[in-house]
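Asks: Structure incoming, see below.
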Amino acid sequence: MARIAVTGAAGNVGRVTVEALASDHDVTPITHREREGLDSVILDVRDEDALTEAFEGHDIVVHLAANPNPDAAWDSVYEVNIGGTYNVYEAALAADIDRLVFASTNHVHQMYNIADATRPETLAADAEAVGVSDPPRPDSYYGVSKVFGEALGNYYADRHGLEVLNLRIGWLLTADEVREKMDEEESVARYVRAMWLSPGDCEQGMRRAVEASLPDSPLAVNLISANDDRYLSLTETMRAIGYRPRDNSATVVE
């Protein structure tokens, strides 16, 4: 059993993560404000001292706190996604954390196959495969902030020996939400089919992210479901952390 601190625990991925880990680990949810039904440590990721105090005595940090809006303005992502992530890494170092799982995103590579460069959540009809180690091509300030977060984690891994997993998370939706999205224009529906992450696969992926022995650090892998329309590779995720996705958007929308 590990002691795990989860920032951004009230978000969609955060709630799934806390539920997935709570049965086998001692989980400390961390949120920006009180949330109904969630007993959490309340703090602002812009407060490094508060983060350090919250991380003390833990083994692993799962850093999910961020402004996740791909249309967010620069000031918003700068303060939370960039400044806040720096604070999380500094606090993790001060608290002697063993592993940090950083919630990155498919948006670090989305410009490779975007249908409309002004609309991050669209996908071209002729999408080509993008490898995990291909150069970043973010589609938004949000994507830029996650490229920074990955690079920062790589630095802390190489400089300080912190075990770092950059987890490029797709779009967490229920099956019903996926079906609803199919009524939107085709470039959006195509994006959803490619980037879907089911709740069940998200739970499994987050468990593997904290429990698997990493073959290398820093390490970056994708976390989406086994969608027929995906252009991001899951080979590295399966090999590195033993992820075995069970869901496929094609079976949901057929």
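Placed from the backbone N, Cα and C atoms, the Cβ positions cover glycine too.
Take a look at what Swiss-Prot says about it:
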type	residues	note
ACT_SITE	Y142	active site, proton acceptor
BINDING	Y142, K146	NAD(+) binding site
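For each listed feature, how buried is it and what is near it?
Replies: Annotation for Y142 (active site, proton acceptor): spatial neighbours A66, N67, P68, N69, P70, D71, A72, V77, N81, T105, H107, P120, criterion Cβ-Cβ under 8 Å with sequence separation of six or more. Following the DSSP three-state reduction, the secondary structure of Y142 (active site, proton acceptor) is helix.
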Asks: Are there any residues in the same chain, six or more apart in sequence, whose C-beta is under 8 angstroms from the C-beta of K146 (NAD(+) binding site), and if so which?
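Replies: Same-chain residues close to K146 (NAD(+) binding site) (Cβ under 8 Å, separated by 6 or more) are A66, N81, S104, T105, H107, V108, P138.
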